[in-house]
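What TrEMBL records for this protein:
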- 12-31: transmembrane segment (TRANSMEM)
- 95-115: transmembrane segment (TRANSMEM)
- 127-145: transmembrane segment (TRANSMEM)
- 151-170: transmembrane segment (TRANSMEM)
- 182-204: transmembrane segment (TRANSMEM)
- 224-245: transmembrane segment (TRANSMEM)
Amino acid sequence: MEETAWNSETFKIAYTVFGWIAFVVWSSSFYPQFILNYSRKSVVGLNFNYLILNNTKHTLYLIYNASLYFSPNVRFQYHQKYGFDQMIPVAANDVAFSTHAVLLTLALLFQVAIYERGNQSISKITMGIITVVWITVGVCSFIAFPSKSWLWLISIFNTMQVVLATIKYIPQAFMNFMIKSTDGFSIGNVFLDFCGGMANYAQMVIQSIDQNSWVNFSGNLGKVLLSLVCMFFDLLFMCQHYVLYPSKKTSSISPSKLNDKIKEPLIKSPSNVPVAENV
């Protein structure tokens with residue numbers, strides 16, 4: 001089946017450029033944290049719940065992107081639902097990013113296994129969420145198999161990855177709030193993630209303008225919501241880092257001290273409350 005053509009060569013080029021900008025920037029966003037962990041030989045300050053949720057989210061997103069990009073059956077079902085005159089809303093850069101993201105999140109989890117991590121661990125709530133996700137994947141796959149409803153199946157995966165994208169940021173944001181610090185969490189990752197979200201959203205807008213149709217937004221709602229969720233939480237992290245909890249002596253705080261800070265009780269007894277100092 002012949003794919004829908006672009007109306008403007010300029011928009012086609014812009015779509016490709018923004019797509020690969022999103023790939024480069026979003027992919028690069030993993031490395032500041034990876035390098036920070038390596039230089040410190042510690043993952044104290046990095047929330048493990050965030051990591052495992054992120055890996056699961058990107059795995060689901062990879063299945064969605066690869067299926068819609070490579071499978072003729074899935075693409076045919078997409079055209080049946082949204083129209084044969086509509087473009088497939090997944091590009092090569094989406095598949096490349098998802099593949100890279102799965103590999104890098106696995107690398108970060110490997111760092112968790114080999115570096116100092118203090119008393120941190122993956123919470124029971126997170127393990128429960130991951131278990132529910134994969135049980136849902138199994139049940140939905142069983143339902144889809146007889147009727148070969150592959151588009152429906154991967155759309156479920158796409159929806160779940162957006163939900164996980166929302167959930168995955170919460171543990172890190174909450175940890176920053178509890179310890180009143182962003183030490184150990186790379187702000188470089190946040191900037192790159194934010195730029196990737198903007199480029200990803202711009203790519204969708206360009207395709208819609210060229211085709212004079214916003215069907216690609218509903219056809220790949222997960223990609224749109226992913227960009228918006230990323231940008232929202234990145235702005236929150238920037239606010240925490242620069243406004244709420246600006247670090248004055250980041251380099252002087254050792255991983256062991258940061259770990260002690262994490263273990264402090266939420267509410268201290270009056271005898272443990274230090275005398276306030278004038279700053």
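Cβ coordinates are placed from backbone N, Cα and C, and glycine is handled just like the others.
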Recorded stretches the transmembrane segment (182-204) and the transmembrane segment (224-245) touching, at least 3 CB pairs under 8 Å: yes
Residue numbers, six or more beyond the limits of the transmembrane segment (12-31), whose CB comes under 8 Å of its CB atoms: 6, 91-94, 96-97, 100-101, 104-105, 108, 188-193, 195-197, 199-200, 202-203, 206-207, 210
Spatial neighbours of the transmembrane segment (224-245) far in sequence, C-beta under 8 Å, 6+ residues away: 61, 161-162, 165-166, 169, 172-173, 176-177, 180-182, 185, 187, 190-191, 193-194, 196-198, 200-201, 204, 217
